[in-house]
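Student: Questions regarding the structure given below will be posed in turn.
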Amino acid sequence: MDHLPIFCQLRDRDCLIVGGGDVAERKARLLLEAGARLTVNALNFIPQFTVWANEGMLTLVEGPFDETLLDSCWLAIAATDDDTVNQRVSDAAESRRIFCNVVDAPKAASFIMPSIIDRSPLMVAVSSGGTSPVLARLLREKLESLLPQHLGQVARYAGQLRARVKKQFATMGERRRFWEKFFVNDRLAQSLANADEKAVNATTERLFSEPLDHRGEVVLVGAGPGDAGLLTLKGLQQIQQADIVVYDRLVSDDIMNLVRRDADRVFVGKRAGYHCVPQEEINQILLREAQKGKRVVRLKGGDPFIFGRGGEELETLCHAGIPFSVVPGITAASGCSAYSGIPLTHRDYAQSVRLVTGHLKTGGELDWENLAAEKQTLVFYMGLNQAATIQEKLIAFGMQADMPVALVENGTSVKQRVVHGVLTQLGELAQQVESPALIIVGRVVALRDKLNWFSNH
């Protein structure tokens, strides 16, 4: 280990930055956030330094480097564009046993600045020891996506409860189990983020009054239409925290690779026209695993509340008193249309969009008269097997036979394929496509020739 990671208490302590440009400004911002009493020494200053000085946040010393400014300092940063000046700052600091950072010159520095993930009071620092700042930045960005923005609020609130926890729970084991429940409670975290004091207090009292045995819960997560990059940050956080993930065929392998490695996985294989596991049995799997005290993620393609039967699954949990929450996802209509160059609405062609299931309960019938109306876009989910009927009904109820149509197979994935034509060809086009696929009907489909971007990459 070439560098010892430490966190410095700089509040109300003298620090010096030599340099008045953009790099110095970024370093100054960090030191000011840490509460340092800051002096900045440079020949010239960018405007932000003058703003800070006028607000009394720091002291500016205009002119060449003055090493006597180091005499009262705890820490220094050399951030000029002159290597000779930077080395002088480093040498002067070294002779006074003051830690000094030299920007872009780690070998000349006695300390280096890490990439920081700030969820104060929780802080995470990432460093490559100065060998690869870009790698450190990329790792920081990845960690940023994994750590919720409200984590700092949760940590601060935990600090307020420490005395009460210590008083109520006699052993370290009991306290540990309480904190484990506390920090994974999504309802508490969301209430803190929303500054909902009433909900925070209610959830806190429930945590203190419940048995310490972990209470199970279910999180319904929308995985999006295929591309793993379209999974939401909150969705990623949830699958990283799951004890067990119950998923179906529409969830891509790339997304499943993001699931916590030691989480159990249950494949239920749902797709239109074929249910590897009946819906009622899926409901019971969720209920059973949650009753064991597990954190269950039900991972569904697209958005769980748009033709995903998510509402039915949650009704079962609600009836049994199992806590649940929902993380929405990008629905297939939005993702597939965007990746196909087909805007769902357009000022000239469509003032509304309808999401329609082509997979009806026995005896069900759609409102074909309204579906055949002008100036709208229709998106049919699970409609491949009914494509010929959709074609026949729309024409029978007045839709023009030359209405553009598109079928998007494996939308947003590297296997995406789009076939398009006009309404009179819909039944025939459906024979060329395999599930999962989406049917889009409307004048906006004609824009695909101009707006298609994904297949060109």
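Glycine is treated like the rest: Cβ placed from N, Cα and C.
These came from Swiss-Prot, pasted as-is:
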| type | residues | note |
| --- | --- | --- |
| ACT_SITE | D248 | active site, proton acceptor |
| ACT_SITE | K270 | active site, proton donor |
| BINDING | D22, V23, L43, N44 | NAD(+) binding site |
| BINDING | P225, G301, G302, D303, I306, T331, A332, M382, G411 | S-adenosyl-L-methionine binding site |
| MOD_RES | S128 | phosphoserine |
| REGION | 1-204 | region 'Precorrin-2 dehydrogenase /sirohydrochlorin ferrochelatase' |
| REGION | 216-457 | region 'Uroporphyrinogen-III C-methyltransferase' |
Student: Counting other CB atoms within 10 A of each CB, which of the binding-site residues V23, L43, I306, A332 comes out lowest?
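Tutor: Looking at the binding-site residues V23, L43, I306, A332, the Cβ with the fewest others within 10 Å is that of L43.
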Student: Residues near the S-adenosyl-L-methionine site, P225, G301, G302, D303, I306, T331, A332, M382, G411 excluded, by Cβ within 8 Å of the Cβ center?
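Tutor: Nearby residues not in the site list: G224, L250, F307, G308, G329, I330, A333, G335, C336, Y381, L438.
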Student: Measure from the CA atom of G302 (S-adenosyl-L-methionine binding site) to the CA atom of the residue listed as 'active site, proton acceptor' and give the result in Å, rounded to a whole number.
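Tutor: About 11 Å separates the two Cα atoms.
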Student: For the recorded NAD(+) site, whose residues are D22, V23, L43, N44, find every other residue on that chain with a C-beta no more than 8 angstroms from the centre of their C-beta atoms, and list them by sequence position.
Tutor: G19, G20, G21, A24, E25, A42, F45, I46, A79, T80, D81
Student: Counting Cβ atoms within 10 Å across all protein chains shown, which of the recorded positions D22, D248 comes out on top?
Tutor: D248
Student: Just give me the nearest neighbour of S128 (phosphoserine) among the binding-site residues D22, V23, L43, N44, A332, Cα to Cα.
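Tutor: Nearest candidate: V23.
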Student: Other than its own, how many Cβ atoms are within 10 Å of the Cβ belonging to N44 (NAD(+) binding site)?
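Tutor: I count 9 other Cβ atoms within 10 Å of it.
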Student: Between G411 (S-adenosyl-L-methionine binding site) and V23 (NAD(+) binding site), what is the CA-CA distance rounded to a whole number of Å?
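Tutor: Roughly 43 Å, rounded to the nearest whole number.
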Student: In whole Å, how far does the CA atom of L43 (NAD(+) binding site) lie from that of G302 (S-adenosyl-L-methionine binding site)?
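Tutor: If we compare the Cα positions of L43 (NAD(+) binding site) and G302 (S-adenosyl-L-methionine binding site), the gap is 57 Å.
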Student: When you measure from the Cβ of the residue listed as 'phosphoserine', how many other Cβ atoms are you left with inside 10 Å?
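Tutor: For the residue listed as 'phosphoserine', the 10 Å Cβ neighbour count is 17.
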Student: Please report how many Å separate the Cα atom of V23 (NAD(+) binding site) from that of A332 (S-adenosyl-L-methionine binding site), as a whole number.
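Tutor: A332 (S-adenosyl-L-methionine binding site) has its Cα 44 Å from the Cα of V23 (NAD(+) binding site).
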